[in-house]
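S.K.: The following block contains the structure, expressed as structure tokens.
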Amino acid sequence: MERAKVVFGHLKSGQEEYHRLQKRLTFEKHFVDSDDDVVIVHALRTPLCKASRGGLKDTYPGDMLVTLFSEILKQTGIPATMLQDICIGNTQQVGAGEQVSRISQIYSNIPYTVPIRAVNRLCSSGLQACADIAGSIKAGYIDIGMAGGLTAENVASRFNITRQQQDQMSLESHAKYNYTDFIRAARAQRNGWFDAEIVPVKTKVKAKDGQEREVLVSNSSQLTDGAAMVILARRSFAAKNNLPIFGIFRAYSVVGVDPTVMGVGPAYAIPDVLRKAVDDIDIFELNEAFASQAYYCVQKVGIPMEKVNPKGGAVALGHPLGCTGARQLATLLHEMKRRGKPSYGVVSMCIGTGMGAAAIIEYPGY
Amino acid sequence: MEQSFQMPGRHGYSVRVSPYFGHRLACASSQYYGIAGCGTLFIIDVTPEGIVLVTSLDWNDGLFDVAWSENNEHILVTGSGDGSVQVWDVAQPRVYGIDWSQTRDNDLILSASWDQTIKMWDIMRSESLASFSGHEHVIYSAAWSPHIPGCFASVSGDHTLRVWDTKKPYMAQIVIPAHEGEVLTCDWCKYDQNLLATGSVDCGIRLWDLRNPRQHVSQLVGHGYAVRRLKFSPFQGSVLASCSYDFTVRIWDFKRQKVPLEIIEHHTEFVYGLDFNLHLPGQLIDCSWDEKLMVYMPKSLTPLP
């Protein structure tokens, strides 16, 4: 804050200006901290790779989960026995996702006494898993839990949307949007802004282990393989066990929208969860299922473009359905941490069959 | 004709015209008002059809000042918030990180830093050639004399203007308590080797004759907030332009009148960067925290027919 102080020093003659600038630079708290807050202890993800052809195509979905389970527990030092519930978002897995989740858990040496379940809300499954664990903590069922998401598309050809339809949807004006997205993602990658959030996954493929993921210029997010994991806990529990507080899960909202209009969910879910000015949010991780719908939502809600997906969104990175929400949460929190300033961020996505979800995440800066 | 260039998410800190091409500009900018985040160096061309981005180069911290090389059209130097000086080759983008910030150059580069020293660099060498100490606060600007070899001036938050000889880095040759507030900017008159102007947080601009530094020769009052940068006109000895935290750019002729010839109010934020175009008489370029860079011909500078 030394730089801010120097600039303030230049404005001695103007108290009004001083306060104006100060308001812009300081963090205005909109939520009161409480012992019952749901805090995020840590968030990680695997690389995202093109489905069917990408670096993770021959990786068993369980392998990604096992890697993340092990790595997140290792990085936080949380004993597996401490976990009281696990919830995994998925969309495509056999046995409604329960089977692969449970097997991965056992393989990761998380004892069978820890319960696990799977949840499916299509594109927001990963975020819904976080919200479910957060809800259980809020309700008092558990003190700490793990949430995540997984997508391995090596079975899938979903939705009857043809490439032609997607192309039509991408109006010319969105080309610029796509371009910006790739530039941002490439810059973030080059500068190593993803390093903290990505866990490499060992895979049997010869491909360069997913770190060097290929990016396809297209007007929609690619079908993608990947997984992400988040540990959530009650603040009092985290404090008692000396767990780090990486972020705070402040609010969650899911709304239904007209199923005949593709992708407008965030335009309704964001105002619903915010109930406040967009000004107070520093970063919006808005899932780009399609450039057109993301562009529409940004315009509709009136979000300044520089606040949207600063590290690139799904058009560049990919959209692993089951994991996206948790992936965005990891991307968001690590970016807020990199910026180093207490702030609020929003994670939002549209959901197949006509829904939208959004969550407010606070980075407390300590 | 007025043209503007938008820098989304970037707040302008300094703008300079290439000494080689009158249509080529460089603008040093920062994210989040330079308080946090990264920086971008924009290289742009002014064309009759509008302003065109030639290239933009990113740095991991805010970029606060920029200077073109006087001996190579492709080379630029920037000073940044992380304390390093970057040398950019626009023909082949590549960065050499060196040490500390803010610049102006003939053959050598000066960097004025928050560590209360000025360092002199040769871009071919990675160590500084000399370190000038004496200022007791942040140094905001250092400027080579366009007339006297090895001479430069510096201004600081310690309220002083100091004039240095590169052969004597251990102490300033002249120390002038210039203002009643932090001094943020200084520039040399292009037509009188003894004349210097300073701009300060006390909102004033003062002119100094180095032969008699005890008293300023003139004072220009009008800015509502701190004067962030000022530049002498390369075409008229008594004309200078200043930009300020009061969102305005003012043009002055200190020989004619004490009030500004013109007040330009096209920005909605602090105006930080300012430069005259040496190749095009009457053209002024400025940049501001409102993410906008303006290229324009102020009425008061338009050459008489």
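Backbone N, Cα and C define each Cβ position, glycine as well.
The following feature annotations were taken from TrEMBL:
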- B:130-252: domain 'EIPR1-like beta-propeller' (DOMAIN)
- B:66-90: repeat 'WD' (REPEAT)
- B:105-131: repeat 'WD' (REPEAT)
- B:132-174: repeat 'WD' (REPEAT)
- B:176-218: repeat 'WD' (REPEAT)
- B:220-262: repeat 'WD' (REPEAT)
S.K.: Kindly report the helix/strand/coil residue split of the repeat 'WD' (B:220-262) according to DSSP, in that order.
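M.R.: DSSP classes over the repeat 'WD' (B:220-262) add up to 0 helix, 19 strand, 24 coil.
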S.K.: Which residue counts does DSSP give the repeat 'WD' (B:132-174) for helix, strand and coil?
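M.R.: Reading the DSSP string over the repeat 'WD' (B:132-174) gives 0 helix, 21 strand, 22 coil.
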S.K.: Of the residues in the repeat 'WD' (B:176-218), how many are helix, strand and coil by DSSP?
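M.R.: DSSP classes over the repeat 'WD' (B:176-218) add up to 0 helix, 20 strand, 23 coil.
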S.K.: When secondary structure is assigned with DSSP, how many helix, strand and coil residues does the repeat 'WD' (B:66-90) contain?
M.R.: 0 helix, 14 strand, 11 coil
